Amino acid sequence: MVRECVEESFGPKKMTKKSIVDSCKKNKLYITPHLNDILYLNYSGYNAIESLEEYVGLKCLWLECNAISEIKGLEYQTELKCLYLQNNLITKIENLDSCKQLDTLNLSHNHITRIENCGHDILPVLNTLNLSHNYLKTADNLDHLRHCNFVSVLDLSHNRIEDIAIVKILGGMKELRVLTMTGNPVVNEIPSYRKTLILECKNLTYLDTRPVFDRDRACAEAWKRGGYEEERKELLRWKKEEQRKIRRSINATLRMRHRGDGEPELLKTSSDEEDEDKASKCGKDMSSMLEINQKTNEQAWAEVEKMFCTTPSATGSSGIFQRFATNRGGGADGDGEVIETSEEDIEATIEDIKAVSPKKLIEEISSDSDGAKENYDCKPDEVIAKPCSEKLIEEIVIETAECDSGPSSPEYHEALDKPIENIVNLTNESPLTSPSFDTEPRTLIEEIEPTDVEEEQQIEEQPAPKPLSKNMEKVMSTEKEDDTLNVLIENNEEISITMESKDGELISKVESRPPSTECKKYKIVSTNDVDNSESEPTDITNEDQEYRSSSVSVTSSTDSSDSEDLFDKIVPNKHPKLATNYRQDSTTSTDSENEVSPSKPPIKLEKEKSIAECIDEYKKFFKAAKILESDPEDESSTKMARPHTAKAKRTEPIIYEGVLRNMERNSNESKIAEARTEAKESKEKVIDRLIEQQNLVDMNLEEQNISIGGQEHDFNEYRLEAFRKDQEKLQCLIDRVTAQKDLYNAHIDQIHNQLANIMEDYDQIGLKLKKVDDFLENIKEEPKAPETPSIESEEEIPEELEVHSSEHEQEIVENDNLAQQIIEKIISQSVKTSSEDLKSNFDDSSESSDSAEEDFMDSIRPDHNLLEILTSPKPIPILDPELIPNVDNEFQRDPVYRKFIEIQEEIDKLTEDELYDIVTEATGEFSEEAHVEHCLNTQVDQYWKQYDDIEEFRKNINLDSHPIIQKFRQFIRCHCENKYPGEVDSTIDNLDKACRKLERRLSNQLFDEYLELSRKMSVATIGGESSANEIELIEVDEEENDVEDVVKKITAWVEEQVQNEIAELNEERAAHAGEVMQDTEDVESKPVEIDGTKEETVDSELADNCD
């Protein structure tokens, strides 16, 4: 009990039903197992998953932070969707076949080395797979991901992946959306890692810690097409498109705001190429705007009135300002309201203007600001008007007198005497060509059609054309439509004055065309128009234009700023409180550049100078002008309506008479020169700065120090050091390859040596087997039956026999003596046996015979069958060593017999079991290295196949001719090589011994076969008589059981045969003494031929002994 408590407290915890129920109670789940769809078994120390058979309804199983080493025990969780096994000891993904609905599998922080068993065939709906913090390394370990067709979220972070082939594997996952690869070495190995993975994974939306937007994919594709330059261009295009979207959304919001007031769309579209410096300039003006907003509108109007009342005239100007004062309205935002006029005050206003000054208040829509800059090298814009006695002619009057001349000046009174209908003064002289103003007014035709003399003078006086700046070219190319001034005259004809560039100069062209509704117009407004009448809003609006010039930074009156209002168009921009929508630039130029200051010195009052500058800059704020036709009688009906809301329609500003005088007083010639000088200086500065930077950049990198890792390095030394390191790496690689190559060559040389030794052994075995085959072929040849020699053949003795006759005389004599003794003994025995009983004789003879005869007689006793005796493998002892003492000497001279005796002696010493034991023992010595040697044999076979077929080679040496050779060849194949070179000699010795033993055994078996064949083929007859060896081949019927009859027949046959052979032997001995016996192959079967006669002495002696 104590041990169980200790194991439960400290040892690995086992997952039991009781522990699972306790976990359910702890987490407020159901005690009934099948009612739970989620189960928390985490942080419990379990070492195996078990006892979950009853929880068949689980959909989410938490098993993290345990000691689980194997995934099993989930056979009954068929509805499982989420399985969390992180922070365990799992080494293999397995046993998930039953979880077909698994959607999320978390196996992070385990010991997994290979991804397997999670393909679409096993987990068909797997969507999320987390394998972070494992031991994945090569692409082979990750190749199974190709079969995960529905995995869209994959986490492989913090593994050991270092094979860049994983890019192709991830590219094959068509549904992959989210990928995490941080913490792997391959991240640093893949060039342009993020772009490469975005290009390979077509549907990837999130990579590592950042999302993949359409812009990232487009930039990656551009990088693939044209490198980093194409990527930069694509990124710039996307940025511009995003800016356009932002502007469109803002403009849409502003349009909705204006539409709410019942107004048309009057928003200005921002330029795509708007300078970024405007934002910084707006920031600089913020400080001044704060000071401006602190003042009230009443104070601002008071200051404006003081500016224009420095030289008041009678009651006219005061009346005007009184009207303005009564009609102005102020708010907290500094916006003014448009002054309304009434029909009743039109005539009164005209009279006031006549009394004060010949100038009229003109409502004007200024031309584009680009026209101001284009007036440097061309004629001033020509404003056209046509006099008419019945109608009010719309005109622009430019006063040539000084503003400070006062009402007492003659020019001032002369201007007062002129009727307003006859005042048409148009100044056409450029400040560059005329030192003073032309006081004579010019007619409309003179303005439109200048004389040839004037044209020639203008061409001669004009300076050499200067190239326009890039900003000017940009403006001219993008806003050609703004360079045309359309003017309506009396006969409903429209005169179009177009400014075109030619050779760096701007040339005005005048065209006559039908009137257009979109032309720019000028309109005369009397002082009576400035009234509090509540008429309907007018339809006079400004056209939306964009200011692109870098030297002019002006915000149009139709801009979408919340602080703008119509009232800033009514007053000059002198007072910033009343006109806060203007941003001043130091390089601004105006339309007043066309005017030339008179010979009188300019006014030195700072207030008046500031007013002139402000008015000059204010004139370029407008873009268009309208000249409307109106009859004198309808002039009183002309009204200006004020909108009812703060964000109302835009109306054309009204310019004061005093402002016009100040505009004429000061010339912009100095400003033009200053602007040109500044432009030239800025251009020179830019060029100098570029040249200076180019000189500072020395392209000779070899003489410069480069920064690497925060330290300076000499370029040459660093390059040499890097080259040296690369060379060392290359040399190390070459050394490794060379060492491996030497190892392979040594291994191949060793194989060659072993094969050479084996081939030598094969050659020796082949030679020996060839000798055996030749020997067998000689044995198989049937000997021809010898014929009875005639007298002539007896006389013809071969020379070889004569040569060897002397050497064998003594042997023949001994043989004759031995044959005589055998014959006499046989005859004596045959006489004795004839008188006695056959059985008793048989017993006596068997008892008194020698050891050889006893063996033979024992074999033919009545209890043995004669057929069994004759067919017995044991050879019959037919030789009596006492009677034939010198027979061995005769056969020892025969080489075949000697070989047979040697083989027989070896076979007697070494049995088949012993040979088998030797081979088995040799095989057992190499059993431990069988696998390695088998691989080596395979390499040897592959090496030799390119030269010859080894099987055909072995067949050629006749190794398959015998089963023993096949067995031994198998032994040689398994043990022909050694693992260590020192064992080669011992293996060769073992093989040599085994070959020798095999040769002996083979020779023994082959010689036994030879003996069997020789017994069957040794029936040699002379005249139809059989030899003595026929005794062994006599077939006895199984029914013949009378041994006595058989013995009688044999005895009679032997006696008759002996007598005949003795006579023939004596004759042969006398005639052919010393003849050499030839082809003596077997003692039992080969007859001895002397002079063509056949001796069968041994068989006859055996027969006599048997008798």
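Glycine is treated like the rest: Cβ placed from N, Cα and C.
The compositional bias 'Acidic residues' annotation in Swiss-Prot covers 446-459 (among others).
Feature annotation from Swiss-Prot assigns compositional bias 'Basic and acidic residues' to 500-512 (among others).
Marked as compositional bias 'Acidic residues' by Swiss-Prot: 531-544 (among others).
What Swiss-Prot records for 549-560 is compositional bias 'Low complexity'.
Per Swiss-Prot, the feature compositional bias 'Basic and acidic residues' maps to 801-810 (among others).
Annotation comment: Swiss-Prot describes 844-855 (among others) as compositional bias 'Acidic residues'.
What Swiss-Prot lists as compositional bias 'Basic and acidic residues' is 1083-1097 (among others).
What Swiss-Prot lists as compositional bias 'Acidic residues' is 1098-1107 (among others).
Marked as region 'Disordered' by Swiss-Prot: 258-281 (among others).
The region 'Disordered' annotation in Swiss-Prot covers 428-487 (among others).
Per Swiss-Prot, the feature region 'Disordered' maps to 500-608 (among others).
According to Swiss-Prot, the feature region 'Disordered' maps to 780-810 (among others).
Swiss-Prot lists 834-855 (among others) with the feature region 'Disordered'.
Here Swiss-Prot flags 1070-1107 (among others) as region 'Disordered'.
Sequence annotations record features per position, and here Swiss-Prot assigns repeat 'LRR 1' to 34-56. A Cβ distance under 8 Å defines the sequence-distant neighbours of the repeat 'LRR 1' (34-56), meaning residues of its chain 6+ beyond its ends; these are 12-17, 19-20, 23-24, 27, 62-74, 76-79, 84.
Per-residue pLDDT, averaged along the repeat 'LRR 2' (57-78), amounts to 93 for this model. For 57-78, the entry in Swiss-Prot reads repeat 'LRR 2'.
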Counts of helix, strand and coil residues, the repeat 'LRR 4' (101-122), according to DSSP: 0 helix, 3 strand, 19 coil
Helix, strand and coil residues within the repeat 'LRR 1' (34-56) as assigned by DSSP: 2 helix, 4 strand, 17 coil
